[in-house]
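**Q** Dumping the structure here so I can ask a few things about it.
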Amino acid sequence: MVAAMTMCAAVAVLLVLTSTMAAAAGDGDGDGGGFDYKKALHSGLLYFEAQRSGHLPYNQRVRWRGHSGLADGLQQGVDLVGGYYDAGDNVKFGLPMAFTMTMLSWAAAEFWDEIAAAGERRHVLEAIKWGTDYLVKAHTAADELWAEVGDGDTDHYCWQRPEDMTTSRQAYKVDRDNPGSDVAGETAAALAAASIVFRRSKPRYSRLLLRHAEQLFDFGDRYRGKYDSSIGEVRAYYASVSGYGDELLWAALWLHRATGRRGYLDYAVAMADELGGVGWAVTEFSWDVKYAGLQILAAKVLMDGGDHPAAHAATLEQYRSKAEHYLCACLGKNAAAGDNVNRTAGGMLFVRRWNNMQYVTNAAFLLTVYSRYLRDSGGDTIRCSGGAMATGDELAAMARAQADYVLGDNPAGVSYMVGYGRRFPRRVHHRGASMVSHRADGRFVGCVQGYDRWFRRGGANPNVVAGAIVGGPDDRDRFRDSRDNYMQTEACTYNTAPMVGVFAHLHAQKMAARTANNNADRSMIKRVD
């Protein structure tokens, strides 16, 4: 009896020591040590409320924001109130907004159970619907889509809260005579992906989204052209460098996933060569370059099995090969160094210096998703160029490493998610956050006055734009927290959107491991007794 009690005491001490060491290794966040992915998920969804345009709802949680853009579209005789500001300015750019909704919807569709278990189901649905409601509004006719509200040049000349803005709210559209296959295709993808998310909770709304998605895809495919050729004002901000081929394939594959209709898959197969789907082997995934994402969607079709004609199977296999090229590039396992993504000494994937964090967060999402697809299909490895192999566990580990880098596991010890951890950017390049809230001081702030009084001040922003992921450090892991350093301190909606899925997944994994450890501990104690 004494021996048994001694053993029990030893086990108890061991458990306490293990718990203490885990907490010390992390930041004592309440998740049992390490990073608090649940808090990061919560903050990420909160960020979208800071970016809202239009009439804010009664349950708005970001209280320093107010109604804005209430006359958007009025000059053109259309209702374009609502949607999201993409970053730290007050323009509504349709292409990155639609991409944000696609990624947020993909995250929700892929990690629905994990998001719900973290208590964020309602918030993710609200974040998606705020964007898709606007995208539906912007699609005013079968072959007409409003792609921008506001003018980047005049907007950037001023530093004003959204609630005060006096800059141009001119709206710009694409139509038959002024095509925009890229923005039409991305908007179709966003609405198709969102229709999957709302299928159970709001079936009528889901069908509405799908109807608009199908019309937009048909419009974009029938009247081809780059939207920045039709809307010159967007070129300096969101030029479509990759063209529209990736968006058309992306939209077709999302419509296939949403409807199950063979015709959309036939399109993705038939147009694979012409639109670059099986020709482009890329090392980045972003609001502009969608090839890696669509290649992964096509690979998923193949991995799910089914009776595919030989020609279909061969093309889908080409898609999978290109998808795995991207994933191997993130791991640095392709044979040619130029075929891999550069990595900083601190471990961050590095593509380019302007808002590099968008490439990091998108990579983390695609790595996470594909590791799950491998597991679900019974596979375990992918083949990289040159013959090297990589496992699903390696993909997942790289995804987690990038997520942890974002949250503070980096040489600077800085969380690049605003409001998370002890050290995070305090001078985010964000008009609304950098100026006193209109609720605290309702006095009008003029265009140039905002620069003089708020932009150039050295202190921290008066409002914390929690959940925003800023552009992040350079290729040497260096970061300068200054409002004028927009390449590093400006946050964008498409930086945070993919991390909603990643953080939900990592939190679920952490909780599952914690439960397993607790069960093992209880089992050990029972054996001792």
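Every residue, even glycine, has its Cβ placed from backbone N, Cα and C.
According to Swiss-Prot, the protein has these features:
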SIGNAL    1-24  signal peptide
ACT_SITE  ASP89  active site, nucleophile
CARBOHYD  ASN342  N-linked glycosylation site
ACT_SITE  HIS429  active site
ACT_SITE  ASP481  active site
ACT_SITE  GLU490  active site
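Can you tell me where each of these features sits in the structure?
**A** Under the three-state DSSP scheme, ASP89 (active site, nucleophile) falls in the coil class. Around the Cβ of ASP89 (active site, nucleophile), 25 further Cβ atoms fall within 10 Å across all displayed protein chains.
Over all protein chains present, the Cβ of ASN342 (N-linked glycosylation site) has 15 other Cβ atoms lying within 10 Å.
Look at HIS429 (active site): DSSP puts it in coil. Summarising the environment of HIS429 (active site), the number of other Cβ atoms within 10 Å of its Cβ, over all protein chains shown, is 24.
Other Cβ atoms within 10 Å of the Cβ of ASP481 (active site) number 17 in total over all chains.
Note on GLU490 (active site): other Cβ atoms within 10 Å of its Cβ, all shown chains, come to 22.
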**Q** Could you tell me the C-alpha distance between HIS429 (active site) and GLU490 (active site) in angstrom, no decimals?
**A** 5
**Q** When the Cα-Cα distance from ASP481 (active site) is computed for each of the recorded positions ASP89, ASN342, GLU490, which gives the smallest value?
**A** GLU490
**Q** Could you say whether, by DSSP, ASP481 (active site) belongs to a helix, a strand or a coil region?
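**A** The residue in question, ASP481 (active site), is coil (DSSP, three-state).
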**Q** What does the structure give for the C-alpha distance between GLU490 (active site) and ASN342 (N-linked glycosylation site)? Integer Å is fine.
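**A** About 22 Å separates the two Cα atoms.
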